[in-house]
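**Q** Following this message is one structure expressed as structure tokens.
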Amino acid sequence: MPVQAPQWTDFLSCPICTQTFDETIRKPISLGCGHTVCKMCLNKLHRKACPFDQTTINTDIELLPVNSALLQLVGAQVPEQQQITLCGGCGAEDTKHYEEARKCVEELALYLKPLSTARGVGLNSTTQSVLSRPMQRKLVTLVHCQLVEEEGRIRAMRAARSLGERTVTELILQHQNPQQLSSNLWAAVRARGCQFLGPAMQEEALKLVLLALEDGSALSRKVLVLFVVQRLEPRFPQASKTSIGHVVQLLYRASCFKVTKRDEDSSLMQLKEEFRTYEALRREHDSQIVQIAMEAGLRIAPDQWSSLLYGDQSHKSHMQSIIDKLQTPASFAQSVQELTIALQRTGDPANLNRLRPHLELLANIDPSPDAPPPTWEQLKDGLVAVKTVVHGLVDYIQNHSKKGTDQQQPPQHSKYKTYMCRDMKQRGGCPRGASCTFAHSQEELEKFRKMNKRLVPRRPLSASLGQLNEVGLPIGAPDEGPMDLPPRKPSGLPNGIVPGSSVTQLISRSTDSGFESVLKPVKLDHLSSSAPGSPPELLDSVPKTSMSALPVNAHPAASRDLPPLPVSKQIQMVPRGSQMYAPPPADTFYQECRGAGPPFDAAPYAQGVYYPPQSSQCVSRFVRPPPAATEPATAYLDHYTPYLQDRVVSTQYGTPTQQYQAIVPTQYQPHYDNRRAYPSNAPPYQREELVRASPVPLEMPPAAVSPYVAESRERYQGIEGYYTHPGQIRPSYHREPYIRLPPQHTAQPHPSLDDLHRRRKEIMAQLEERNVISPPPFAPSPTLPHSFHPEEYLDEELKIPGNFKGNDYSQYSPWSFDTFGPYIGTKDNKSKDVSAGGNVEVANVDGKSLRDQRIELQRRATEPGEDDLIPFGDRPTVSRFGAISRTSKALYQPPGPMQQAMAAHGAAKSSITDYSLYSSHSGLSGPSYPTHQNLPSQGHLSERERLSKPLPTSEREQLRMELQQVNQQISQQAQMRDMEVATNRLLLREASSLGNQQQPPPQQPPAKWPSKVSSKQLSLELHQVEREIGKRTRELSLESHSLSMKSKPDTIKVENGQLDDLPLSFSSEVPNGSGLTQDITLSKTASLTLSEDPQAGGDKSDLMRSGVNSTAAP
């Protein structure tokens, strides 16, 4: 197969002695046949004939003029005047025409000047010529013509015509849209019943056709097509009989077959003898496609042809030769007409119409070899015309073209010009010239090596940062410049420990397969030589399914108003191994895994919030399968999950509700294979304006990380194999993306009153859960509430239509489910599924540590010792049900004396506050936990150690300060609401006066409380609610009186008969009309429960001091 032939580029040296021309003894002498030889070699010839083609030299060698055009290219001194003796009948006019023609050739040769090197060998790519390689080849042919001899003049005229025709093609290409070339070409091919299947598949199909017919056998079209399809299917499954039949039709159209017709049967096709090699068959195939393009009026450059048909740039000369052979005398004139049409379409800004007379003159030249020799005047006119059109092309490319010479550059790849060219080092010149993919100078080498570092393929910025957040690697600030990824072999990830950091990095023990898909195919190397903040060498190998495995911020707009993340922050992870704690960190900082809330301003909560030192910050990333969300009708309201008895949620800015479908127990599979990737971890996708779980942008600060751990269920997914998440079941999985907040919500300067109430409620829930001691989790108490709360026991906020259907499956806990108890007691399940939960650290990987950690600590309190029965190796043993514990088989012990003592406090109290005993160890709502530093590596704590830890003062101070700030915000929002209330009442009064009837707002059904609450508590709560409602009513009355308005009968009855003047507008903004009452009731319930608990972490005065009772609205 012919490839790029570089011989024509050695035009500055003698082809016999291979020495560079000079002006002394190696003067270049051009012969009539078009070859140029130095004068020394020419004098050594035995006969007066060209040594290459044996063409007779008619003129005396001493009378042949020196090629001055080549001399000026090698930098030699050009003789000013040469004594030229023309034919005997030539006069002074002919000599004048000859001199003009020679000067035209010398001027055109100057376009080849950048191609010459100091030694005169090959090309120099550092100063690339403005002309394309086909133009350069044709120009070299013209320069080698000997104008003195008759044959040389004929060749010069043909070269001038060819150069002019190529100039027209170049101008047409400059006016074409390259994006439409391929589509127009394949449309023209398909219109003729043919097809091109792509470079690789087309080559295989042609080779299979040749394999079937190269021995001269005759096959019918149907048999030939079936043979090719059967052989192509293993490698190209998309091959079909129709497509292969179109390829055969293309060869049939190219007359490659000898067809034998048969009566009443299909014809037999036999490959012609001249096409029984692949090179010949492929050349005819390419010629047919080029001919179809020419018939369709398409002008395609050789480099474009090489890319289209072969997928590379090494077949340009092959395609150029095909184009040249397909040129006809009429094609030049047709090209001039096409150029005229293109200029009319574009308006001809460069005034290229002035070239049309010269182009028509060149088109009228007879290109046949038998044409009569031109006169000296015709030679002069032709060369002047070609000089004019070439100058016009160069001027257009330099001044008016949008492409310039960039289209001549080969496509850059990862190693483009990153090594020195061997020919340039050894010979001092490269025959490939500008198309060489190797560097020709040290400056060029360094330039492209630097560019190659920046051109390493990587993910988009948001995806890259999201991936870095998932694997817990440092992220640089936006102004750090380009991110370099030096090619180096990354090291492995031994046992989940990321090496190279000052603090041991840990990876979550969650059995979520989406997170494992991030770790397994990716080999991290934290110690790369790139700058701090640059990403590691893992972006290309990370599967796309892991992009949403760790949702950090469900609302990307929430981080726009936050300060940028410092570069020095080390974002750490918690591993799957047995190493549970970083050795020396003073504080542990946990991230809210439920996503940030609406984009509040960070200022209201910035004052008094404790931030740990940067050197020991450890932000855990949590894996949670995204739930199947059902979008409500009011899509832009901020709905929040209400506080339930076994779930503690607290976040710094409020957390949006995760809206789940109803949980149907029949949906669960018998076992959950943690090695399979379920669709719950699918990558985020965008559908119109609906966006879900987009990665954290670059400006994600630590301020958005809540110091409170939310409940999560991934910690015990191996145990929960009996009852898996509905989001992990593919047949019944349904995903609805979150709806982005509208602009008016994103510009909200302060949190709303509802959000502040919810925030206060969450803080109260934190304090409540921190001070209530629960009974042992494995005691089969009949009063344990079902984890799936019936609808009548849920708060009113759960009953919003469209927001919650059934129950929130994130409330599910295997320990509170009735049917799970028998499985815990069986020994067989200990060694299989249940044992997956035996290796539970106190590392708080997810929010599940609120109850799961205590289970683990109670179990290990009675263990005889470490690794006494199952001494496994260093690496974790993983079964298809999860990690196998490295501890003894005494997984679940009967409750000890301390547990029995705790169980005596009553089932009603324990059922509400279950799984919240060891919040001081779990890091629920405080960033500083000194107990972490005292824990052994395997997490073994005695019961006495756990119960003797009081609630840290810093945590209470933080909660108290935050609660004060929330109360201040509530007061501010309440004042704003009151102003709106007064205005709405005025409007309602006018409407009622017109309609003489006003429909009161629908009364909400009274809140149904769990039956476990005592009557004494209810009476106290009602008393406090009455005081609060009276205070609220007086404030509203004073506000109404100040605005000269009377109170309206828009009231809402509550359980005790008091009136609360809440207008319609207020009820429509809150999820239900009694949101304030519920908030107050919840806060009072929390304070009452805490005050009656004798074994809480602090007494009543402590609760008052930490802000528990200061919950009344101002």
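Glycine residues also receive a Cβ, built from the backbone N, Cα and C atoms like all the rest.
Checked Swiss-Prot, it gives:
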{"type": "BINDING", "residues": "Cys14, Cys17, Cys38", "note": "Zn(2+) 1 binding site"}
{"type": "ZN_FING", "residues": "14-54", "note": "zinc finger"}
{"type": "BINDING", "residues": "Cys33, His35, Cys50, Asp53", "note": "Zn(2+) 2 binding site"}
{"type": "REGION", "residues": "130-178", "note": "region 'HEPN-N'"}
{"type": "REGION", "residues": "179-328", "note": "region 'ROQ'"}
{"type": "REGION", "residues": "329-401", "note": "region 'HEPN-C'"}
{"type": "ZN_FING", "residues": "415-443", "note": "zinc finger"}
{"type": "REGION", "residues": "918-956", "note": "region 'Disordered'"}
{"type": "COMPBIAS", "residues": "918-930", "note": "compositional bias 'Low complexity'"}
{"type": "COMPBIAS", "residues": "941-956", "note": "compositional bias 'Basic and acidic residues'"}
{"type": "REGION", "residues": "994-1017", "note": "region 'Disordered'"}
{"type": "COMPBIAS", "residues": "999-1008", "note": "compositional bias 'Pro residues'"}
{"type": "REGION", "residues": "1031-1051", "note": "region 'Disordered'"}
{"type": "REGION", "residues": "1087-1114", "note": "region 'Disordered'"}
**Q** Count the residues of the region 'ROQ' (179-328) that DSSP assigns to helix (H, G, I), to strand (E, B) and to coil, and report the three numbers in that order.
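**A** Computed counts for the region 'ROQ' (179-328) are 94 helix, 16 strand, 40 coil.
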**Q** Near Cys14 (Zn(2+) 1 binding site), which residues of its chain come within a Cβ-Cβ distance under 8 Å, counting only those 6 or more away in sequence?
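**A** Non-local contacts for Cys14 (Zn(2+) 1 binding site): Thr20, Phe21, Arg26, Pro28, Thr36, Val37, Cys38, Cys41.
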**Q** Around the Zn(2+) 2 site formed by Cys33, His35, Cys50, Asp53, list the extra residues of the same chain whose Cβ is within 8 Å of the site's Cβ centroid.
**A** Leu31, Gly32, Gly34, Pro51, Phe52, Gln54, Thr55
**Q** Please work out the mean pLDDT for the residues of the region 'HEPN-N' (130-178).
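**A** The average pLDDT of the model in the region 'HEPN-N' (130-178) works out to 88.
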**Q** Could you round the CA separation between Cys17 (Zn(2+) 1 binding site) and Asp53 (Zn(2+) 2 binding site) to a whole angstrom and send it over?
**A** 17
**Q** Can you tell me how many other Cβ atoms are located within 10 Å of the Cβ belonging to Cys17 (Zn(2+) 1 binding site)?
**A** 13
**Q** Can you tell which of Cys33, Cys38, Cys50 has the least company, meaning the fewest other C-beta atoms within 10 angstroms of its C-beta, among these binding-site residues?
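**A** The binding-site residues Cys33, Cys38, Cys50 were compared, and Cys50 has the fewest Cβ atoms within 10 Å.
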**Q** So how many other Cβ atoms are close to Asp53 (Zn(2+) 2 binding site), meaning within 10 Å of its Cβ?
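**A** Step by step: centre on the Cβ of Asp53 (Zn(2+) 2 binding site), count other Cβ atoms within 10 Å, giving 10.
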**Q** Under a criterion of Cβ-Cβ distance under 8 Å and sequence separation of at least 6, what residues of the same chain contact His35 (Zn(2+) 2 binding site)?
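**A** The list for His35 (Zn(2+) 2 binding site) reads Pro15, Cys50, Phe52, Asp53, His144, given in order along the sequence.
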**Q** Under DSSP, is Cys17 (Zn(2+) 1 binding site) helix, strand or coil?
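**A** DSSP assigns Cys17 (Zn(2+) 1 binding site) to coil.
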**Q** What are the other residues, in sequence order, whose C-beta lies within 8 angstroms of the center of the C-beta atoms of Cys14, Cys17, Cys38 at the Zn(2+) 1 site?
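**A** Nearby residues not in the site list: Ser13, Pro15, Ile16, Thr18, Gln19, Phe21, Arg26, Val37, Met40, Cys41.
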